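Asker: Here it is, the structure in full.
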Amino acid sequence: MPRGLELLIAQTILQGFDAQYGRFLEVTSGAQQRFEQADWHAVQQAMKSRIHLYDHHVGLVVEQLRCITDGKSTDADFLLRVKEHYTRLLPDYPRFEIAESFFNSVYCRLFDHRSLTPERLFIFSSQPERRFRTIPRPLAKDFFPDHGWEPLLMRILSDLPLRLPWQNKSRDIRYIIAHLTETLGEDALPRCHVQVANELFYRNKAAWLVGKLTTPDGTLPFLLPIHRTDEGELFVDTCLTTTAEASIVFGFARSYFMVYAPLLAALVEWLREILPGKTTAELYMAIGCQKHAKTESYREYLCYLAESDEKFIEAPGIRGMVMLVFTLPGFDRVFKIIKDKFAPQKEMSAAHVRACYQLVKEHDRVGRMADTQEFENFVLDKRQIDPALMALLRQEVPEKITDLGEHIVIRHLYIERRMVPLNIWLEQVEGQQLRDAIEEYGNAIRQLAAANIFPGDMLFKNFGVTRHGRVVFYDYDEICYMTEVNFRDIPPARYPEDELASEPWYSVSPGDVFPEEFRHWLCADPRIGPLFEEMHADLFRADYWRALQTRIKEGHVEDVYAYRRRQRFSVRYGAISSTANSS
């Protein structure tokens, strides 16, 4: 190879990343217009397009590099010099951390995910931890109640870049003050102030104002979801001021925010204070940088592994028919491998399962489907694998394992947030907790269906419970669009003997679903059945599902709230609006 080629390749990779991130910002910058125009289908399409940008640009760079090297193979020393040159480009580069992930992706694409060593890749960052750079403008603006909270909030709402009129700004300000007074107390409120991010966070049908509320006792989140009416007027739907509420808003089961952030690292650092329970990976994931989030997730895994003497074990719960799932006992994630052979009743291919996981990645997850990271050639130390799990791996996924002596390499797997399987949770809880779990399960089904997702297999074992008590779906092999399903009523029996027969007395075609049958496995437990009938009996009616299909086909996009209905201002303070004047 000619001398100097290493630098050219390093520069080409970095320029390719610049192009990718420029397009990322371009798509993101359209979020305000899509919100103002209520173009909700464009919102969904932009979300998918932005996810695809990264892999598309990695592919473009790989093709450029093959042209530059004339398709010739490169030796290890050459690649090390490329990385050295690339590293030298990063100290003055503002998005160094994502640029390192982009380099990793290009390398993996070129070498088919082989030889993934710290010498060749940025397994850990080459730059100082949490490195800051001079930024062209502050990320946020401070507001102090020098003349009271009403003028303070008026300034905040009036400073927003949104160009739509307000339905009733004064009313919304009173709602916010009422909430803050209830939360903090009337005496503490004058001693508090707010710092608000300059950019709005857009997702689904809302524009989120994200801020920090500084109180005498510490800093709290200050989140205002701003919606628009069908008439094009703005209103604040609620105010959220606890870290638990903020954690749910930025949760792993939700779509990525669109927030214009030329310097994502600075924004991540700013968010840490109000999201103390979120890891670096989760913060990057929440704001749409999912590929770098994968890098950070892998780093978090390596750090945990280095400090733990735990062994990998099969994950608790009912063993799956499609996926083999394992975990570390104290780690908050699980590892999922597609089995080489499925149970007979699972008539599908591994390619179909991977397509289902990709569908979830690109779709609006409405807070009810767990996000995943996909890995290839994942290395495990045999000494850290429990013998029972090793035997299971050899039995269920031998075609996906390469034995390297002291290590094994798993050809393909997913990493996903660990939750308590819902069936186990239901066995352990009673009273109000049981009631809440059944309510959550039904709400999860409804919200998925409204987002055009039919889970397929609705058994409790396919759902998990998060640390906040939310029910989330995580078994995707039978997932499909609602519009692909034929929801049918079971025809009346012709004779009494029909109901006792082993075969149905009516025809069943592929895609047919009979909601009446859900009752048999969802209500079998006498503790659960009455609760389900009380709260979710309509899920057993085919006409309920057909009505949802009609709304979807008509183009209706449902509202998705990252908080309970009872937290909405219209529910809490509805009476106030009758005397409020529009502004």
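Including glycine, each Cβ sits where the backbone N, Cα and C put it.
Pasting the feature list from Swiss-Prot:
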ACT_SITE  D371  active site
BINDING   A315, P316, G317, I318, R319, G320, M321, K336  ATP binding site
Asker: Would you find the one among the binding-site residues I318, M321 whose Cβ has the most company, meaning other Cβ atoms within 10 Å?
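Answerer: Per the Cβ count, the most surrounded site is M321.
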Asker: I'd like to know which of these binding-site residues, P316, G317, G320, is least surrounded, judged by other CB atoms within 10 A.
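Answerer: The binding-site residues P316, G317, G320 were compared, and P316 has the fewest Cβ atoms within 10 Å.
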Asker: Between the recorded positions A315, R319, K336, D371, where is the Cβ count within 10 Å the lowest?
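Answerer: So among A315, R319, K336, D371, the recorded positions given, the one with the fewest Cβ atoms within 10 Å is R319.
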Asker: Which state, by DSSP, holds I318 (ATP binding site): helix, strand or coil?
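Answerer: DSSP assigns I318 (ATP binding site) to coil.
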Asker: Quick check for the class: what is the C-alpha distance, in angstrom and rounded, between the residue listed as 'active site' and R319 (ATP binding site)?
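Answerer: Cα of the residue listed as 'active site' to Cα of R319 (ATP binding site) measures 21 Å after rounding.
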